[in-house]
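To start, I am sharing the structure in question, which I have written as structure tokens.
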Amino acid sequence: MKLHIAVLPGDGIGPEITQQSIKVLKAVADRFDHDFYFENAVVGAAAIDSVGDPLPEATLDLCKKSDAVLFGAIGHPKFDNNPDAKVRPEQGLLRLRKGLGLFANIRPVNTYEKLLDQSPLKRERIAGADLVIYRELTGGIYFGEKSTAEDGKSATDTCTYSVEEIERVAHLAFKAAQQRRKKLTLVDKANVLETSRLWRKTVKEVAQAYKDVELDFLFVDNAAMQMILNPTQFDVILTENMFGDIISDEASVIGGSIGLLASASVGEVSAMFEPIHGSYPQATGKGIANPVASILSAAMLLDHFSLNKEADIVRRAVEISIQMNVCTQDLNKDNHYSTSKVGDFLEGVISDPDNSKINNENLNFGQMTII
Ligand SMILES: NC(=O)C1=CN([C@@H]2O[C@H](COP(=O)(O)OP(=O)(O)OC[C@H]3O[C@@H](n4cnc5c(N)ncnc54)[C@H](O)[C@@H]3O)[C@@H](O)[C@H]2O)C=CC1
Ligand SMILES: CC(C)CC(=O)C(=O)O
Ligand SMILES: [Mg+2]
């Protein structure tokens, strides 16, 4: 398959983790005879520094004409520490999501046996957790009108949702639930927010077309608690933009590190693949950032184009690296590997024509024979 992939490394650890995903995708392309073409563009603080705009037109154009976008992360402390800055890196990401119509952000959360004791949560609470968050991505309070009073003494952000915005992401979430354990939990704050009441009403109506899916509801404050107390109760979580942003970072604690959590942002036309974490500025250039969230996002890219065998191999390689402790310091304190060494290892596993590691029973996971 021929794929043109726009690469937007962004800021902080963005470039170093994205580089590992490209290594992995190139290894996949070599092994399976695909033609993947990569073209870079600037976004975020890097784009503000170079052209004064966090999402230059050329970047958006490249993304629009590419088959997919691989996104790193944006954000820089010089903006985080300056509330008066009018032009900000995060605007680049929000405009990109809006400009590409990426209304659904899909964030899978699972556990690895080897890491069950790495989580601050007890093994028995998290073992078997396997959920996916469908986060609405182009509406809600992040995109509503904002203002600050002239005297600087008050500020406003508005949260707006339309039925259509809710319906389109809800359909995707219900379809995902049908392919999984057939349970969908809507997370909202319908006891307080008008928009949440619209979500409940609309999602109940959408549910009529998915009678095989059990629908339940949780207020977001309770959901935040349940995520930690009993994450195995969840299958598909559907929620609005800001709640999804928050509970997915929280959910990353289950797996052991936010450096493992991947996502796909999809719309009618475009698709972008991005780790859920940010630019982790403290780690920039130190080789300590976990590249796996980005690499698993690349696996979601492969799935998006129905390259499921290829995506499985990438996920399998990640399992092997975790099983063999080939991990960055967030997961392996004593004997950690650098960001690029983890990438090299995964590239090696994927490139091995004999699948010696992939098919090695001693590595102790379910059988998967790659032909
Ligand atoms: N999608 C994006 O580009 C996002 C950008 N941001 C931006 O990133 C900057 C930093 O924000 P923070 O709140 O510190 O969030 P962050 O996600 O960058 O980092 C929070 C913590 O998570 C851990 N972490 C994150 N990525 C990791 C990785 N790959 N490997 C190992 N550990 C990792 C680190 O302990 C870090 O201190 C800000 O400017 C923020 O606006 C934040 C979230 C998402
Ligand atoms: C700019 C932020 C909305 C990015 C973020 O935290 C996310 O998408 O998870
Ligand atoms: Mg976030």
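From the backbone N, Cα and C atoms, a Cβ is placed for every residue, glycine too.
Source: prediction; values computed, not measured.
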Which residue of Arg135, Arg181, Arg197 does TrEMBL report at the same substrate site as Arg97, Arg107, Asp221?
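Given Arg97, Arg107, Asp221 bind substrate in TrEMBL, the matching entry from Arg135, Arg181, Arg197 is Arg135.
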Counting distance between Cα atoms, which of the recorded positions Tyr142, Lys189, Asp245, Asp249 is nearest Arg135 (substrate binding site)?
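That would be Asp245, the closest of Tyr142, Lys189, Asp245, Asp249 to Arg135 (substrate binding site).
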Neighbour count, 10 Å Cβ-Cβ cut-off, for Lys189 (site 'Important for catalysis'): what number do you get?
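For Lys189 (site 'Important for catalysis'), the 10 Å Cβ neighbour count is 17.
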Can you tell me which of Arg97, Lys189, Asp221, Asp245, Asp249, our recorded positions, come within under 6 Å of ligand 2 at the Cβ?
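Passing the 6 Å Cβ check against ligand 2: Asp245.
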For Asp245 (Mg(2+) binding site) and Arg107 (substrate binding site), determine the Cα separation and express it in whole Å.
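Just about 10 Å between their Cα atoms.
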Between Tyr142 (site 'Important for catalysis') and Arg107 (substrate binding site), what is the CA-CA distance rounded to a whole number of Å?
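Computed Cα spacing between Tyr142 (site 'Important for catalysis') and Arg107 (substrate binding site) is 18 Å.
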